[in-house]
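Trainee: Take a look at the following structure, please.
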Amino acid sequence: MRRAVVLFSGGLDSTASLYWALKHYDEVIMLTINYGSQEERVTNKVAEFFSRELNVPLKIVKIDFLHEFSKIAGSKLVEGNVPEVTARELEDFEKAKETARSVWIPARNFVLIGVAASLLDALGGGDIIVGFNKEEGETFPDNTKEFVDRINSALKYATMNEVRVVAPLIELDKKGIARLLKELNAKYEYSNSCYNPQGFTEDGKPIHCGRCESCVRRHRGLIEGIGEDKTVYLVTPKV
């Protein structure tokens, strides 16, 4: 039996990865990890929605130390105002790197993969499904194929059972992810990409700020990829 744990943060990437995993594995478990980021005020509800919608078991784990370390690092994801960007600024590599640094969570993906690996090792092994993609890999080094390859090398020594990381979106940009979501009939409008979400609509859709980097990337990818965006925004991003 093929088993997978999907690291689910609630955004487009992990939502696409979740739907993909359900097509490729016999047993799928969602794992959402709370570390004190500002978007967690909606993340858990998003995870619970997809768990119910897709009938997938969900585990929510809290790790307080990562919140503490992120505050030391000055990450705007856990404290302060997240930077606002335009679509044009995203094309400026130095500006994009600067924005990435401001929301960086110290060794986040390394830590989260470790938690997922521990769960899978306890269950007898399996694959960790992550939403790493080509577009974010340009500014976040822990979203790259090189990172996945090196993590998988380490996991051979770190677990008693066979555990590996699988990144089905690694060659895709946001446009490609949008097309995959449409192909999989995913209810992406119930996912949340926003660093500073504004609550929910009456029917349970997250309200995105429309101003942060993640909102701009999301809207641009959906419009350019499938020609529509069902996401609810406080302010519609300009692309």
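The backbone N, Cα and C atoms fix where each Cβ goes, and this holds for glycine too.
This is the feature table in Swiss-Prot:
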- Phe8, Ser9, Gly10, Gly11, Leu12, Asp13, Ser14, Thr15, Ala16, Ser17, Leu18: ATP binding site (BINDING)
- Cys194, Cys209, Cys212, Cys215: Zn(2+) binding site (BINDING)
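Map the listed features onto the structure and describe their local environment.
Mentor: DSSP classifies Leu18 (ATP binding site) as helix under the three-state reduction.
The Cβ of Cys215 (Zn(2+) binding site) lies under 8 Å from the Cβ of Ser193, Cys194, Tyr195, His208, Cys209, Tyr233, Pro237, each of which sits 6+ residues away along the same chain.
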Trainee: For Gly10 (ATP binding site) and Cys212 (Zn(2+) binding site), what Cα-Cα distance in Å is obtained after rounding to a whole number?
Mentor: 16
